[in-house]
Amino acid sequence: MRSRVCLVTLLIFFCCPLFMPSTAWAAKASEGGLAPLSKSALLLDADTGTVLYEKNSRERLAPASITKIMTMLLVMEGIDSQKISYNDPVRVSERAASMGGSQIFLEPGETMKLNELLKGVAIGSANDASVALAEHISGTEEGFVAQMNKRAQELGMKDTHFQNPNGLSAPEHYSTAQDIAIMSRELLKYPAITKYTRIYEDHLRKGSKNPFWLVNTNRLVKFYQGMDGIKTGFTSEAKFCLSATAKRKNFRVIAVVMGAPNGKTRNQEITRMLNFAFSQYINHVVYKQGEKITTLHVDKGQQNRIIFRAPHQFSLVIKKGEDPKGYVKRMEWRKLKAPLKKGQPIGSIHVEKGGREVVRMDLAAGRDIPRAGTWTLMKRSLKWMFFLPEDVEPSEVNPS
């Protein structure tokens, strides 16, 4: 029997502000001097963006190879949109092969699968592989850099400007710990990337006469519990940098340091920051991935009832031993009328404590809902006039 009421599930986008009120926590953390020797640092919860510690996080500095996080992000977005694939053969240009510094020694005219080049970037921080990927995606390195800067602006990275896809020193190539955290968090929305960034050692050109041994420049993926990324960086100008992520149970943390005097200090300060997060805080889940949030009516919509489900886990970071019942959840919804466009604001969910907003998520439609046709609207009117029952009843809002 054809349903008289259309029920459609929409995924929603979470647009949580990255740096929500956590000033008191950050101040308390800074008393312990988590990163005393690095020029800049930031520690945050990857899920909500709640800042747990910061030091000069908006200071513009040379990012070195941490730049490649944006390169990997554009690769993953291209794969997700099916513009490129892991199995694409990528032909290496003279330009790509000429890159110095960290490299996998690509030869001009050599063909390597995109999957292998991505591995070279994620594990070995290969400058030549970064340029090869850039040219494959955008046609030219310059075109790719323009795409990098455009994406940075879209993400709200206000203090970042790229001049190349690999992080080699350039006059107007800079970023901040805050902006690096933003793009790191965005990259982690593609879980497949950690299949590369967590590898400690591997080989390229397996089975050939010239296999290339890769060892992860981020040694902590082997020695720190739960670490599975993301990217190191070093130049004489930038000194030692690292954007690291580790996950324990359902709690994922991102730690960034820039301008550490040496690799040992960089790793020590990242370790200290992560230890602080895991020892002091827990991740309280508000909505699990796929969990229903609510059902709403769309006036004159082709589908007139929509179910919202969480596309990924949404959580609240609280101090260990703190009672989560002290937090209040408040939901705000807009009146919806067709046509409804993908990305159109729908409402928001606020988590508050003592009248102060702790974290929020802004909700937007995950697909278009066109206006219903005349015949459909007429049938609905007749059903309403004659009190005809609906075949599908909407579920009640149950945010708990």
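Yeah, the Cβs are placed from backbone N, Cα and C, and that goes for glycine too.
Nobody curates TrEMBL annotations by hand; they come from automatic prediction.
Taken from TrEMBL, the feature signal peptide applies to 1-26.
As annotated by TrEMBL, active site, acyl-ester intermediate applies to SER65. Its Cβ taken as reference, SER65 (active site, acyl-ester intermediate) is surrounded by 26 other Cβ atoms within 10 Å in the chains shown. In the three-state DSSP scheme, SER65 (active site, acyl-ester intermediate) falls into the helix class.
The annotation active site, proton acceptor is assigned in TrEMBL to LYS68. Annotation for LYS68 (active site, proton acceptor): spatial neighbours VAL121, SER125, SER130, PRO165, ASN166, GLY167, LYS231, criterion Cβ-Cβ under 8 Å with sequence separation of six or more.
Over all protein chains present, the Cβ of SER125 (active site) has 27 other Cβ atoms lying within 10 Å. DSSP classifies SER125 (active site) as coil under the three-state reduction. Per TrEMBL, the feature active site maps to SER125.
Within 10 Å of the C-beta of LYS231 (substrate binding site) we count 29 further C-beta atoms, all protein chains included. Annotated substrate binding site per TrEMBL: LYS231, in sequence order.
Mean model confidence for the domain 'Peptidase S11 D-Ala-D-Ala carboxypeptidase A C-terminal' (281-371) is a pLDDT of 87. The annotation domain 'Peptidase S11 D-Ala-D-Ala carboxypeptidase A C-terminal' is assigned in TrEMBL to 281-371.
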